[in-house]
């Protein structure tokens, strides 16, 4: 028997199969399109980066930067953008949703035509688009004037006539001018969406094309770990930047501190920095060829786990040549129950995760009374080990246990239930300070319906500016004006002659002086240190699902539809999940507002929230959505139909000694990943 006759899909001896490896030099010489370089310049030194690990490094850097900007800096700046541009939470939530709208709509087109194209080139162009989007996000800082936090406004009790004269100068058009910058942010996030959807559709498919099936979840898990490391860095770095005053490049000093509710930090610096970094990362990505040298070998040795139905692989491969084939391709995916239910599970997960990520710093800030900068840093410290660790561990579990589709779905059900139980963490909160006119009365018998009381009714106080002051008996007032203070602020930040403080002092055994000091009343609540560790565990189990879910999606559909399937999946997840998620969370946050900022008789941003209502609303949404996600994972497990495994009869071959030597050399030189894939393949007898 000749050597050729003794090989079927590899060298066969005594019923066992091994795959003849393809060396890197052979792969490079077979096609110039797989070489690493820039145009005709492709020296041998650059080929050291022409492998899956190097590609994974550059894609991971891209993922980290994308997460840094979209899910890190953008979310950290939520409160700052509300203050600087006078926007309510629901409208700020639409900024995050703009990313998902553009990603969902354009993702289908990109994925449908991206299957046979130059994937590294598409990812590099996506990096350029992300850079442009970051530039646009930073532009409003350079086109607006200096931030006015009320430094020229007297917050003490004012004469009604003077107050009326001041209020009459209010121009609605002038006041709403800042709110129009919302559309600039929407444009920037739209460009971010185009770049991000290309990364997570084409980039993931590129990695999956280049490595064996057993290693793919680990590679994807590392990518996703960096994708969650990016937001964590965004929270930490963005939090530090928020300690810088927004106009630090134009103003030397200001009279307020980061603890002041009116403070706005340097929100724009993160976007400007990311603009440059995206350009740097795009350079090595432009150097890759159409595919890696390992891609052809992976295609030849991969074992199918496609969901079994009446659709043939040949019929699927004929699709994708024109837009006319898109409806039929879409219908084939929708008929796949494993793909459909795993996508719906991702939709519910995306709904809660996007909303929670957008407003997590705001939740920490309001529930525990921290500054915006410290809340952002704490959110990042929780997100680093939680989200990134969960993604990485999810990939490790799939790799070490060699989980197939059924095993990965079982894993997702377990961690989904654990995350659901840990969502009770949102009930942990500090009590709201005693604020006169909000949750306590100004005096005996006073109602809580308004900040206006007989003791300050002649002061013409407004809620345009929030300057909290605290009395000696730990009652907080919205401003010196609402405390009825007629005296000017002293050097130590004390206001005197406060009629509302004098009116309430009769309730105390030791009456206090009618004065208040600037700042909130100090709180001795330490519940935040219980909240953060439990939140970390909740995030950890929530993000373990990522790599198995992607692997299930890629394994349960036909190979020729993988890129398109990711595009359809992201379209559904974004359209029904991550787009409405931040908007819906913003609406329920606005519904818990107790005191609004009002300018020209219109509501702008919220100053004070109801902590109890905020916890209740978050808990109901998180638990309901997580329960539905668990149901979808269970249905995917139940309806997935793996391909039948053929029983291979024992075959004994008589191989000449020369062929045995060749076969032995082939066995010894086989890579571990290739042998692992090939060992589970079905051998056709002959």
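Yeah, the Cβs are placed from backbone N, Cα and C, and that goes for glycine too.
TrEMBL does not curate its annotations; it predicts them automatically.
Positions annotated as domain 'Major facilitator superfamily (MFS) profile' by TrEMBL: 55-641.
Per TrEMBL, the feature domain 'Kazal-like' maps to 449-499. Mapped onto DSSP helix, strand and coil, the domain 'Kazal-like' (449-499) counts 1 helix, 9 strand, 41 coil.
As annotated by TrEMBL, region 'Disordered' applies to 656-686.
Annotation comment: TrEMBL describes 54-73 (among others) as transmembrane segment.
The transmembrane segment feature in TrEMBL is assigned to 93-115 (among others).
Residues 59, 62, 65-66, 69, 74, 85, 110, 114, 181, 184-185, 187-192, 194-196, 198-199, 202-203, 206, 246, 267-268, 271-272, 274-276, 278-279, 281-282, 285-286 of the same chain, all 6+ positions outside the transmembrane segment (122-142), place their C-beta atoms under 8 angstroms from a C-beta of that stretch. Taken from TrEMBL, the feature transmembrane segment covers 122-142 (among others).
For the transmembrane segment (181-206), the residues of the chain that approach it from at least six positions outside its boundaries are 55, 59, 62-63, 66, 69-70, 74, 81, 85, 87, 91, 94-96, 98-104, 106-107, 110-111, 114-115, 119-120, 122-123, 125-130, 132-137, 139-140, 144, 220, 223, 227, 271, 291, 550, 554, 562-563, 566-567, 570, judged by C-beta separation under 8 angstroms. For 181-206 (among others), the entry in TrEMBL reads transmembrane segment.
Summarising the annotation, TrEMBL assigns transmembrane segment to 218-238 (among others).
The feature transmembrane segment is assigned by TrEMBL to 266-289 (among others).
Per TrEMBL, transmembrane segment is recorded for 338-360 (among others). Nonlocal intrachain contacts for the transmembrane segment (338-360), taken as residues 6+ away from its ends with a CB within less than 8 angstroms of a stretch CB, comprise 71, 74-75, 78, 89, 93, 96, 100, 231, 307, 379, 405, 409, 412, 416, 542, 545, 549, 552-553, 556-557, 565, 568-569, 572-574, 576-578, 580-582, 584-586, 589, 618, 621-622, 625-626, 628-630, 632-633, 635-636, 639-641.
Look at TrEMBL and you will find 372-397 (among others) tagged as transmembrane segment. Nonlocal intrachain contacts for the transmembrane segment (372-397), taken as residues 6+ away from its ends with a CB within less than 8 angstroms of a stretch CB, comprise 72, 75-76, 79-80, 217-222, 224-229, 231-236, 238-240, 242-243, 258, 263, 265, 360-362, 364-365, 403, 411, 528, 532, 535-548.
As annotated by TrEMBL, transmembrane segment applies to 409-428 (among others).
What TrEMBL records for 526-544 (among others) is transmembrane segment.
Same-chain residues lying 6+ beyond the ends of the transmembrane segment (564-589) with a Cβ under 8 Å from its Cβ atoms: 88-94, 96-97, 100-101, 103-105, 107-112, 114-115, 197, 200-201, 204-205, 320, 329-330, 333, 339, 342-344, 346-356, 358-359, 362, 553-554, 557, 606, 609, 614, 617-618, 621. TrEMBL lists 564-589 (among others) with the feature transmembrane segment.
What TrEMBL records for 618-637 (among others) is transmembrane segment. Beyond its flanks by at least six residues, the transmembrane segment (618-637) meets 337-338, 340-342, 344-345, 348-349, 351-352, 355-356, 363, 406, 409-410, 412-413, 416-417, 419-420, 423-424, 426-427, 552, 584-585, 588 of its own chain at Cβ-Cβ distances under 8 Å.
Here the transmembrane segment (409-428) has long-range neighbours at 342, 345, 363, 367, 394, 397-398, 403, 527, 530-531, 534-535, 537-538, 541-542, 544-545, 548-549, 552, 615, 618-619, 622-623, 626-627, 629-630, 633-634, 636-637, 640, meaning same-chain residues at least 6 beyond its ends whose C-beta is under 8 angstroms from one of its own.
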